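Here's what TrEMBL has on this protein:
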type	residues	note
DOMAIN	6-151	domain 'Glutamyl-tRNA reductase N-terminal'
BINDING	Thr48, Cys49, Asn50, Arg51, Ser106, Glu111, Asp112, Gln113, Gln117	substrate binding site
ACT_SITE	Cys49	active site, nucleophile
DOMAIN	169-302	domain 'Quinate/shikimate 5-dehydrogenase/glutamyl-tRNA reductase'
BINDING	Gly186, Ala187, Gly188, Asn189, Ile190, Gly191	NADP(+) binding site
DOMAIN	319-411	domain 'Tetrapyrrole biosynthesis glutamyl-tRNA reductase dimerisation'
Amino acid sequence: MEIGVIGVHHRIASVEIRERVSFTQSQKEEAFSTLKKQGIQEMVILSTCNRSEVYIVTENLKQGLDSVCDFLKYYSGIKNISEYLIIKRNKEAVTHLFKVAAGLESLVLGEDQILGQVKEAHQFAMNHFQSGKLLNKLFRESITMAKYIKHTYKISENPTSVSYTGLKLLKKEIGSMEGKKALIIGAGNIGKLSLMYLLEEPLEKVYITNRTRKRFYTLKEDLNLKDSVVFIPYEDRYKVIKDVDIVISTTASPHIILKKQFMSNLEKKLYILDLAIPRDVDQEIGQMQNINLYDIDHLKKVIDENIAYRHHLRDPILQLIHQGVDDFYSWKQSIKLDKIIAKISIEQEKIKQNAINYIERKTDISDKDMKKVEKMINSSLKKTIKPIIELKKIKDQKKLQNYIEMLNDILRM
């Protein structure tokens, strides 16, 4: 079995491309169903504001990656999608996931949301029986390594989420936040983070809207919200926009939720931060008078104060990641040995039964003595397989692979 990853991310694809390759939960289910029919044995789809990647396990990796590429072309409607895709195979794919989980591939190095997103993507795939033995091991190991890196190197000690970086951009553009009013659209994880950061500012009022009130009540309990944070019905969002200085939109909607035709002309400045993928806000709104519209790609222009320090940590972190990748491949090779050992065990059982049958036919051995003979045969056969089990201790992957190929050749004779 081979491992691959194919998808788009912020370094190659613009937000216009990324939003067309993003997946809602129901769209992931449809993708699972379609790709399963193409012979892909395992898959996990990671879809965030900065990347949409499909991790696969298949016997024929070229065919599997081609199938996913064709699917993404059809799904996104982008004929030249291959120009924006990253494609990594086997060890490169494994290394890529380790780096993604640790935040090394994020828009903001070490950002603190991606690990949770990797966990959620894997859990969703498991819930739908799409992640099997290989991807389960790979994702668990990459998550464990990412936790260790974050704890050891404090790479996410300071706030570095997209929400925080977006707020830094707004503060730079607006200046003082004192007495300002804000509207957050969406009460999911990004909406919650945005609210937490806004609550640290001297705002007069924060409005939150969501399609359902339930999430707001959860936020109110989790964050012990005061009266200055007010829920408004989703259908009233356009009315409130007239009264606020800041709008942060964070929904998981596959459609535009702020349209130009419903926006009124404003007499004062309005700053809109669209953190959603696909984007929540009609791009034409950015052309309206007194409105400044920012999306995910604008955050690339924000200078992270901790960037030099974090880049300094890349080398030791990469060493850890490479060790984690090597350990994963040692485990993967051991699976091949397990299959060989299982085949040999089956053959040994046949040899034992043939020997026992022969002894029973040719002698008048008692049951008691027969049990002793059977015990001796089992002991001897275990000794013959012990050297093969010892091969698992070999760290040199090429050397181990040579032994595995040799044993497979012998078993085929």
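Numbering starts at 1 and runs along the chain as it is shown here.
Just so you know, glycine gets a Cβ as well, placed from its N, Cα and C.
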Distance from Gln117 (substrate binding site) back to Gly188 (NADP(+) binding site), taken between C-alpha atoms, in Å: 12
Nearest of the binding-site residues (Gly186, Asn189, Ile190, Gly191) to Asn50 (substrate binding site) - Cα to Cα: Ile190
Neighbourhood of Ile190 (NADP(+) binding site) by C-beta distance under 8 A, where only residues 6 or more apart in the same chain count: Cys49, Gln113, Ser161, Val162, Ser163, Thr250, Leu275, Ala276
Per DSSP, three-state class assigned to Ile190 (NADP(+) binding site): helix
Alpha-carbon distance [Asn189 (NADP(+) binding site); Gln117 (substrate binding site)] in Å: 10
Cβ neighbour count (within 10 Å, all chains shown) around Gly191 (NADP(+) binding site): 26
Residue pair Ala187 (NADP(+) binding site), Ser106 (substrate binding site) - Cα distance, angstrom, rounded: 23
Cβ neighbour count (within 10 Å, all chains shown) around Asp112 (substrate binding site): 21
Gly191 (NADP(+) binding site): nearby binding-site residues from Thr48, Ser106, Asp112, Cα cut-off 10 Å: none
Residue distribution over DSSP helix, strand and coil in the domain 'Glutamyl-tRNA reductase N-terminal' (6-151): 83 helix, 22 strand, 41 coil
Packing count at Gly188 (NADP(+) binding site) (other Cβ atoms within 10 Å of its Cβ): 14
